[in-house]
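Peer 1: According to TrEMBL, the record shows the following:
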- A:1-61: domain 'TGS' (DOMAIN)
- A:291-557: domain 'Aminoacyl-transfer RNA synthetases class-II family profile' (DOMAIN)
- A:353, A:404, A:534: Zn(2+) binding site (BINDING)
RNA sequence: GCCGCCUUAGCUCAGUCGGUAGAGCGAGUCACUCGUAAUGACUAGGUCGUCAGUUCGAUUCUGACAGGCGGCUCCA
């Protein structure tokens, strides 16, 4: 038996070792129970991989990103085995790891119900206990087709192997890679194959290496993500390297639920969605109205400071406008059906740009006017499918903080940079400061979905890309995500618990100026066509408000808080004193309420706490005698005996600086 | 739009194996007047999402519709 040399790689260290031929990867890592796989020359391999001379081998720990993917993928296999154990007629779809978990799709007669998940979980626990071994087996297309004759979906995947189809089917690549075809057998104690699945791997060595998992929910999903295909039943689960990590994950979910803007919107009396009005059509209550107005006032002011002109346009228009803009042919299905009267079809507007174009076109324009920037809170209505409506983040009627910059082609790059700086600054003002950019381009395989020449698209995309790169932010490509009239940049912001939200968009449009025949007179006397740059800063006021509710978990910074100061008398005798303090605060434009109900003081504090009011101002005899008040903050911190004038100044300063307290 | 689940008081939720319902919080009234997260008592409040069907009788069973939730698809 001859020796071979392998290189063990660990972080920046490399160490050459001699091992005997036939040594398996696990033998290198036998003293580390956290290692679940090996990375050999960049490729993930099972621990049962037989080392070859010259291999560079790196341990993959279960708590690394790759390790978790492997764990989750293996857990998905165990789940599929459990499902087929209980429902032998269930046919297998795909079962990839996803962020924070995994899923597996099944074709079953009856959809799963929550009790089924309990049954499946206990069958999975049994399989895990049995400590079945995941064993890789190389096969051929022909053999696999015979072996999997009862698994039509797997057979379809084999047919796609290596082709464009497999890439286009999310998750399919974990089943069939571009290389050789492999099956994983789950081997029981006595060496018999308990279950097999077409799979690229790698997997954990054994089922017992699954430390903690939980099935989360079941839902339908179209086969290969295409709504023309049959819906399969998908079960989502999660798996972690330890019970503690699973627990922490479940806590993060619970934390996200606590922040859910739909729940907080009700608890804090901000907004509601009356059934009587219709799905996806929110109303703002007085407290939500305060936040919305503060947002709008601030954003309007900033736009004006940045050289925008505030305009106003109607909610409906005759159809011709939307033909000119090109929207009707492309987006008729997402507009509300027309109202017919006086012999014309009127549509609720789904976008503001056509109206702004008409303002531009209302008279002749000179190059001296450019960039011409029109801005408004335009209320648009979109017929979103019933299944996609979601709180304030996906609605059927909303206000866009929409602007259109009309510029010469030469001015376009500068204007885009200006817009990008502007929106990032705005988002920072609202407390979001972790961003990345996404560049949505046209899908070259679907030219009929996009208007304009290839050259125009290339030029527009390049202009946007350059501006993005100059921003220094991370740039993520989004092929095929563009609007029909041009490419777009969107700003993705991370919130307080790390979730990303699509916020602002900037779109380069060479198409509508042509449709509306927009022109300006250049310095040399010729007529030229301007370029139009669409930009929404929050996207939608409603949506951004929802995002802010979740970002702040309802505890808004004072400048946005519906009630900035809740004044609480220690007892009834102190109420007049606080009413007087409140009058002084209101005179400074602060939002103050005095709780003169006959609740006990402790109860009033609790109520203010639950309403997440930033400043509680409390007064009793001690304060009155000293001409002072006592602060209590949301975190329970106290600051007693603050002179009234200083207290007012403190609140006013926090509001003015837009800081959180 | 598709699949599944859900809809009982303002909110959160019990309950009725078919005989028209209950708690806590909230609201109102009264008493209490208290120094940093719930004072007590009483009262009001529901054609049990809507419309059909089955039934002597439906909040309960069936169906359709509406709305909500979780996904999928979509997201100018």
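Each residue, glycine too, has its Cβ placed from N, Cα and C.
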Peer 1: For residue A:404 (Zn(2+) binding site), what is the secondary structure by DSSP, using just helix, strand and coil?
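Peer 2: It is in a strand.
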Peer 1: Once near-sequence residues are set aside, which residues in the chain of residue A:353 (Zn(2+) binding site), 6 or more away, have Cβ atoms under 8 Å from its Cβ?
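Peer 2: Within the chain, residue A:353 (Zn(2+) binding site) has Cβ neighbours under 8 Å at A:325, A:402, A:404, A:509, A:512, A:532, A:534.
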Peer 1: As a quick check of your reading of DSSP, tell me how many residues in the domain 'TGS' (A:1-61) are helical, how many are strand and how many are coil.
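Peer 2: DSSP classes over the domain 'TGS' (A:1-61) add up to 4 helix, 33 strand, 24 coil.
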Peer 1: Along the domain 'Aminoacyl-transfer RNA synthetases class-II family profile' (A:291-557), what average pLDDT does this model show?
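Peer 2: Average per-residue pLDDT within the domain 'Aminoacyl-transfer RNA synthetases class-II family profile' (A:291-557): 93.
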Peer 1: Starting from the Cβ centroid of A:353, A:404, A:534, which together make up the recorded Zn(2+) site, report each further residue of the same chain whose Cβ lies within 8 Å of that point, ordered by sequence.
Peer 2: A:351, A:352, A:356, A:357, A:402, A:403, A:507, A:509, A:512, A:532, A:533, A:535
Peer 1: Please report the number of other Cβ atoms within 10 Å of the Cβ of residue A:534 (Zn(2+) binding site).
Peer 2: 24
